[in-house]
Amino acid sequence: PLASPQETLMGKYGEEAKLIYELQDQGGELLALRYDLTVPFARYLAMNKITNMKRYHVAKVYRRDNPATTRGRYREFYQCDFDIAGQFDPMIPDAECLKIVHEILSDLQLGDFLIKVNDRRILNGVFAVCGIPESKFITTCSTVDKLDKMPWEEVRSEMVGEKGLSPEAADHIGEYVQLHGGLDLIERLLQDPKLSQNKLAKEGLGDMKLLFEYLTLFGITGKISFDLSLARGLDYYTGVIFEAVLLQQENDHVEESVSVGSVAGGGRYDGLVGMFDPKGRKVPCVGVSIGIERLFSILEQRVKASGEKVRTTETQVLVATPQKRLLAARLKLISELWDAGIKAEMLYKKDPKLLKQLQYCEDMGIPLAAIIGEQELTDGVVKLRDVATREEVRM
């Protein structure tokens, strides 16, 4: 459902919860609009006692954010989610989720992209070896998450100034979160004297190594970076996390290139279903969400820059008449075409001028005009005109 009880959504999103669209008291019922498709999915699995499911879902979600429509940020927007729920061997479904993101971004030909991958357990291990108390893991996480938008200096000052970490701890974190690479980096961190002593980090790095082996088999590691600065602000992630970003095109003909930031994100959330199950039964889940409007804003800007015309209708033929008092003929013919499953249109005027009708075909990119005048009616034919070449055949 679009609206959920507020308590269903609260406590799942961390600092981002301030963007939840709460509705006023509805006769004693406090409701909120869904913030994403993940939490409702987890609730659905718990309510219906489903322990195994693979599904995709395209639907609207709501965030009470400051809209920036040029960057594809809205208060009401579509997400496309793909999730795999169930108990499986490590990293096989996770690798498939990354394969899907890679496939979508490649097929849409949006230019160069990068999928950053990290693991909450590695991050928590880093925090632990840097001497951060566990109570501050989640807030530190949401600060680290800002590294893609702010330089390290600003992130560091937020850690020390607002989050109350010691400058030494912040510097220590800085040494780790600025690292990114591939299998070589994973191997290096597995040898790291401090991290390798931390149970969580070791588990996370072991799984990350496995993940990269599967991604190598899928042939997609070229676009994937193990990035320790990736944190994703949401509370519900428990393991692997990932985010896809489009890399800036250096085009000459685009005056302002759009930086849309993240276009897809996801990860593993093994504890979420259990939150909704009265007995706390857990169902491991991993999923990914594609931001459809974000992708649209890039595609739209690209079309605008190229100056090409986009056809906004699928109409195959316009039914037109050259003389007056022929509305009845048009209505009869268009009805026959519709019944035959042909996509047809006509102008909503009793006596339109032929030039206007043909101009409409040009403007809308309609390829054919079926012209029926007094002579055609007498002869029992229709004149079919190819709008682009102006060739005509009687049939």
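The backbone N, Cα and C atoms fix where each Cβ goes, and this holds for glycine too.
Counting every protein chain shown, the number of other Cβ atoms lying within 10 Å of the Cβ of THR38 (L-histidine binding site) is 27. If you look up TrEMBL, you'll see ASP36, LEU37, THR38, ARG63, GLN79, ASP83, ARG232, TYR236, TYR237 marked as L-histidine binding site.
Here TrEMBL flags 56-322 as domain 'Aminoacyl-transfer RNA synthetases class-II family profile'.
Confidence across the domain 'Aminoacyl-transfer RNA synthetases class-II family profile' (56-322), taken as the mean pLDDT and rounded to a whole number, stands at 90. Around ARG232 (L-histidine binding site), taking its Cβ as the centre, 24 other Cβ atoms fall within 10 Å, counting all chains. Cβ neighbours of TYR237 (L-histidine binding site) (same chain, under 8 Å, six or more residues apart in sequence): ARG120, GLY267, ARG268, TYR269. Residues ASP36, LEU37, THR38, ARG63, GLN79, ASP83, ARG232, TYR236, TYR237 are the ones the record ties to L-histidine, and the longest Cα gap between any two of them is 21 Å.
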